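J.: Quick one: the structure is below, and I'll ask about it shortly.
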Amino acid sequence: MSQSLDDISRQLKKRHRKSARMKWLSFGALLLAGVFLVLFLADMLIKGLPAFQQAYIQVEVNYSERASELPLAAVEADVRELVSRGYLRLIPNRMEANPDLLGTQRMEWVLADDEVDQYLQGADSSLSAKHKAVVDRLTEAGRAELQFNTGFFTNGDSKLPEMAGLASAAVGSVMLLIVTLAFAFPVGVMTAVYLEEFAPDNRFTRFIDVNINNLAAIPSILFGLLGLAIFINFFGAPRSSALAGGLTLGLMTLPIIIITARAALSSVPDSIRHAAFGVGATRWQTVRDHVLPLSMPGILTGSIIGMAQALGETAPLIIIGMIAFIPDAPTSFTQAATVLPAQIYTWASMPESAYVERTAAGIIVLLSVLITLNATAVYLRKKFEHRW
Amino acid sequence: MKRFAISSIGLAAVMAATMGTAYADNHTREQLRIVGSSTVFPFSSYVAEELGTTTEWPTPVVESTGSGGGMKLFCEGNGMDTPDITNASRRMKVSEFKRCQENGVTDITEAMVGYDGIAFAQSTTNDPIALTREQIAMALLEKVPQDGELVENPYTKWSEIDSSLPNREIRVYGPPTTSGTRDAFEELVLEAVTEDMDIYGGEGYTNIRKDGAYIDAGENDNLIVQKLENDTEAFGIFGYSFLEENADKISGASIDGVKPKPEAIGSGEYPVSRSLWFYIKNSHAEEVPAMADYVKLFMSDKMISDLGYLKGIGLIPMPEELLNEWQEKVADRVELKLSDLK
Amino acid sequence: MQTDQILMTFFAGVILLGALGFYLGRSKAARTRAGGTHMHSQPDQYAWFAVLSSAGPAIIAAALAAIVLGVLETAFPGWLAVASALGLGAIGLFLGLNRIRPELRARDSLERTVKWVLLGAASVSVLTTFGILFSILFEAIRFFQMESFWYFITGTEWSPGDSFLAAAGREGGGDGAMFGALPLFAGTFMITAIAMLVAVPIGVSAAIYMAEYAPPVLRDVAKPVLEVLAGIPTVVYGFFAAITVAPLIVAVAESVGLEASFSNALAPGIVMGIMIIPFISSLSDDVISSVPTAMRQGSLALGTTRNETIRYVVLPAALPGIISATLLGVSRALGETMIVVMAAGMRPNLTANPLEDMTTVTVSIVSALTGDNEFGSAATLSAFALGLVLFVVTLALNFVSVMMIRRFRAKYAVNNL
């Protein structure tokens with residue numbers, strides 16, 4: 001039985017068609033992943049961008065004797081519900097600080113209530129029809145407008161959506177990362193140096209090796225249980241502090257730093273080590289003066305990636321009490337602190353609709369920071385990478 | 001030589017930063033620490049924020065740990081690393097009080113701040129509905145009496161329970177077992193109904209059916225409203241504050257003939273309401289001076305009276321006399337006794 | 001004296017001792033060498049020797065004291081510990097300086113110490129694993145003393161709620177709390193399965209494209225893009241799943257006449273799948289790329305098409321690696337917390353319908369530890385029992401995964417994996 005050439009060429013064509021199909025199919029998969037990313041980012045931008053604008057209205061503020069007792073009395077009844085309580089409650093304080101204000105009346109641009117903001121942004125708002133009409137009138141008179149929301153970057157958390165900002169969470173995140181880095185970087189690099197440069201190939205070394213791999217796979221929430229048991233209950237680090245959180249996340253990022261640092265160390269060619277040994281250097285001298293400096297770019301890249309991961313982590317922090325109402329930025333490592341992802345999590349569970357856009361805006365900020373960090377890592381790798 | 005100097009200075013800095021401050025604020029503390037119920041959390045953090053912005057004190061830290069978790073942390077001892085105040089959506093339990101005593105936390109003052117009603121709500125697209133507690137219990141219990149016997153809950157539609165009710169499928173979104181709202185719902189509706197029925201043996205029966213008619217909706221309140229908006233046949237169980245915030249989207253059923261209105265809840269007419277509390281650890285009064293101002297602010301007319309701010313975010317104020325009574329008690333820091341709780 | 005002052009005193013003391021050791025050691029060594037004696041090591045090495053012999057004992061003594069103080073709250077006052085540690089350091093300094101002689105092999109002992117310190121750092125990761133195990137194990141054992149282990153593993157009813165009533169000293173209604181975790185395992189499994197159904201086909205196909213077809217320019221773009229997917233925090237994915245994907249699924253389901261819960265298992269599953277794509281694609285890409293070129297050349301030389309080469313030669317060779325990547329993905333999906341906490345349901349639900357709400361192990365851990373339950377109650381301790389299960393399962397998965405990749409590595413003599 002022999003096949004005709006026609007048959008064979010037909011078969012061949014079919015096989016090649018199949019091959020091309022496979023190629024496009026696999027390309028489609030990659031494309032799909034890209035599409036997911038684009039859709040996701042677009043969704044966050046659409047939801048979050050309104051939060052960067054905030055409604056202000058111009059009202060007549062009456063610094064009367066009565067207003068120093070009852071701040072609500074400082075503004076006319078028809079706009080009382082439209083002005084942010086965050087502004088009103090400070091009137092007595094301002095009058096105390098500046099006694100000249102007493103008895104004066106002036107037009108001021110003030111922060112509007114979150115429902116006014118929602119209404120001006122064109123979103124659903126639970127304002128009554130009467131209040132909507134007042135806002136419309138103000139807008140026509142040029143007395144209500146959207147301005148850039150600086151408070152979002154300078155305020156801490158707040159129960160009033162229009163006052164809520166990221167500042168305290170951002171400070172908390174920075175402090176947490178300092179602790180994480182101060183712990184995980186030295187320990188991680190030392191572990192990597194030991195395993196790559198010093199360790200004998202025995203059972204214990206292999207055990208450590210396997211163990212580091214395992215550690216990388218342990219769910220992050222379990223690190224929270226560890227942090228609670230060891231750092232808070234045993235060593236007495238204060239609950240919800242950057243210290244407890246940072247150490248917990250430090251243990252979690254340890255495997256990443258170790259693995260990347262080992263890769264960086266092992267990419268330094270042996271000829272360097274041999275040359276150093278050749279002039280009489282000890283192992284430690286070789287590592288300290290030659291191998292480590294040469295692998296530093298790789299180690300730093302890995303550390304940045306580890307820090308980026310720590311910056312985005314939330315689950316273990318729930319367990320150690322960092323999901324809380326903490327509007328003041330911490331000033332020491334032992335004070336209660338919250339972090340950016342924790343802030344996002346708390347806002348996500350708030351009932352007011354104005355928090356949805358703030359959550360998305362917080363996500364935009366967090367993602368920008370993370371992408372910057374990762375881009376820096378890629379840049380460093382590209383710039384300092386040695387090709388041996 | 002130089003490198004050594006630099007590294008030793010660096011080392012000192014890192015150690016001082018990470019370890020040295022670790023125990024820095026161990027004995028006096030400016031910042032008040034509050035834990036406890038997730039129901040009181042919004043009110044408590046509102047007061048905290050107000051204290052932080054209008055006074056010299058730093059804003060107190062408020063953590064939502066649940067009533068039980070809060071009591072556990074609160075009763076751990078008198079050390080500065082324990083919370084100063086714990087919020088609760090129920091009164092302190094006798095067992096918790098004893099635990100506090102055992103750990104030396106003896107000087108506690110109890111404060112009641114108001115009420116929270118539990119609303120049985122539906123989408124505003126429906127006609128208003130009136131239910132009784134018994135009807136709700138029959139719709140949601142795992143086992144219900146039928147022909148003198150307890151059987152697996154057979155009802156799938158409201159009209160099967162009572163023909164005057166609409167022909168809608170029984171589907172109720174409610175809080176998970178860990179939530180204080182669920183606890184209160186079980187106690188105020190299910191237990192109250194079943195206690196008086198001989199068939200349950202004279203004891204409260206609170207098992208909620210698990211065949212999907214009752215849907216654990218989690219703590220994400222945004223989603224529950226969304227669910228009711230889309231699923232207009234269903235009901236949801238919320239804290240009253242939540243109903244008020246979303247008055248444009250959901251409306252509450254009247255229960256035993258009473259609509260969930262603040263006045264009705266405050267007067268106790270509305271049957272499904274509970275009181276909200278916080279507990280003060282007086283042994284911390286000196287070390288944490290902000291505590292006095294916080295308590296004063298929370299108990300002030302400005303916050304919890306009928307004209308107070310917290311009403312705006314869902315707290316149902318106490319009647320004036322009761323309020324004055326509590327304000328006085330708290331101002332005098334009356335010590336909590338075991339006999340108060342029994 | 002307060003704890004922070006004690007600590008500050010200690011660190012100041014240690015640094016002072018160390019600095020003193022360095023200067024004295026160095027100057028003594030330098031003097032000896034200036035005198036013309038041949039010395040075994042460099043002056044700096046003698047200096048470090050002195051530092052180690054003074055600060056070393058002090059730090060070790062202080063660390064021991066700290067641990068003892070951690071275990072027994074008031075065994076002895078803190079200042080006593082600091083004083084004796086620093087005293088020990090001073091003695092060490094004296095002895096160390098005395099030992100600096102030309103024949104002292106300072107370099108060797110320095111080398112040994114460095115090695116021990118590094119070993120100490122390396123054991124931190126081992127200690128972490130055991131720390132996690134023990135911090136879970138003890139509470140889990142307490143739980144299993146209260147509740148039956150077999151029912152926990154095989155029972156189908158999870159309702160810890162009633163034990164809350166019991167713990168509160170109130171009459172528990174009906175038959176009490178039930179801790180049958182099967183519905184939680186089922187929910188976890190369902191969401192993980194959905195995630196893998198999304199992640200494995202897309203991840204592996206993308207890896208095939210990148211390793212076998214993609215022009216270098218595209219590869220350079222695609223890799224970082226996928227890495228961005230991996231770098232998005234899980235809390236962000238959770239928000240996306242709850243606010244965007246879940247309502248979308250409900251709308252789609254409704255349009256085809258199906259009923260979907262807003263906390264359906266599909267939304268967190270799909271979003272988790274998207275999150276895991278890069279883990280699978282990146283490792284698979286590495287594995288496929290390291291299948292020896294000779295195998296491809298051999299296959300192509302036989303006249304196979306590219307597709308056939310990939311299907312019948314490259315993929316079978318890379319299979320252990322791909323399975324290993326998948327297992328890592330599974331273990332990540334099992335332990336993922338934020339996405340399910342924010343988007344999945346709270347109801348223990350034994351169902352095969354992904355449109356219903358289901359809850360998972362991690363959700364139950366979080367809600368048990370942050371709920372209104374009393375701490376010593378079985379309801380709270382169940383978090384640790386569930387944590388133990390999670391720990392064991394992810395560890396086992398990881399173990400198998402490592403074995404697979406090792407086999408692949410051994411077979412093709414690949415070293416960069």
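Quick reminder: no glycine exception, Cβ is built from N, Cα and C everywhere.
What TrEMBL shows for this protein is this:
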- C:6-25: transmembrane segment (TRANSMEM)
- C:46-72: transmembrane segment (TRANSMEM)
- C:78-97: transmembrane segment (TRANSMEM)
- C:117-138: transmembrane segment (TRANSMEM)
- C:184-208: transmembrane segment (TRANSMEM)
- C:185-401: domain 'ABC transmembrane type-1' (DOMAIN)
- C:228-253: transmembrane segment (TRANSMEM)
- C:265-288: transmembrane segment (TRANSMEM)
- C:309-330: transmembrane segment (TRANSMEM)
- C:383-405: transmembrane segment (TRANSMEM)
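Have a look at these and tell me how they're positioned relative to everything else.
T.: If you look at the transmembrane segment (C:6-25), the same-chain residues 6 or more away from its ends with a CB under 8 A from one of its CBs are 46-51, 53-55, 58-59, 62, 78-79, 82, 85-86, 89-90, 93, 96-97, 100.
With a threshold of 8 Å between CB atoms, the same-chain residues lying at least 6 positions outside the transmembrane segment (C:46-72) that come near it are 10, 13-15, 17-18, 20-26, 28-29, 39, 78, 81-82, 84-86, 88-93, 95-97, 99-100, 104, 106, 109-110, 113.
Residues 384, 387-388, 391 of the same chain, all 6+ positions outside the transmembrane segment (C:117-138), place their C-beta atoms under 8 angstroms from a C-beta of that stretch.
With a cut-off of 8 Å between Cβ atoms, the residues of this chain six or more beyond the transmembrane segment (C:184-208) that come close are 158, 222, 226, 265-266, 268-270, 272-282, 284-285, 288, 310, 315, 322, 325-326, 329-330, 333-334, 340, 344-345, 348-352, 354, 358-362, 364, 386, 389.
The list of residues near the transmembrane segment (C:228-253) in space but at least 6 beyond its ends in sequence, with Cβ under 8 angstroms from a Cβ of it, reads 259-264, 266-268, 270-272, 274-275, 277-279, 282, 336-343, 355.
Residues 192, 195-196, 199-200, 203-204, 208, 212, 276, 279-280, 283-284, 286-288, 291, 295-296, 298-300, 397-398, 400-402, 404-405, 407-408, 411-412, 417 of the same chain lie 6+ residues outside the transmembrane segment (C:309-330) yet bring a C-beta within less than 8 angstroms of a C-beta in it.
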J.: State the residues, same chain only, that lie 6 or more residues beyond the ends of the transmembrane segment (C:78-97) and have a CB under 8 A from a CB inside it; answer 'none' if no residue qualifies.
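T.: Non-local partners: 1, 3, 6, 9-10, 13-14, 17, 20-21, 24-25, 28, 49-50, 52-59, 61-62, 65-66, 69.
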J.: Taking a Cβ cut-off under 8 Å, which residues six or more beyond the ends of the transmembrane segment (C:383-405) line up next to it in the same chain?
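T.: Distant Cβ neighbours of the transmembrane segment (C:383-405) are 132-133, 136-137, 139-140, 142-144, 147, 152, 179, 181, 184-185, 287, 320-321, 323-325, 327-328, 330-331, 334-335, 361-362, 364-365, 368-369, 417.
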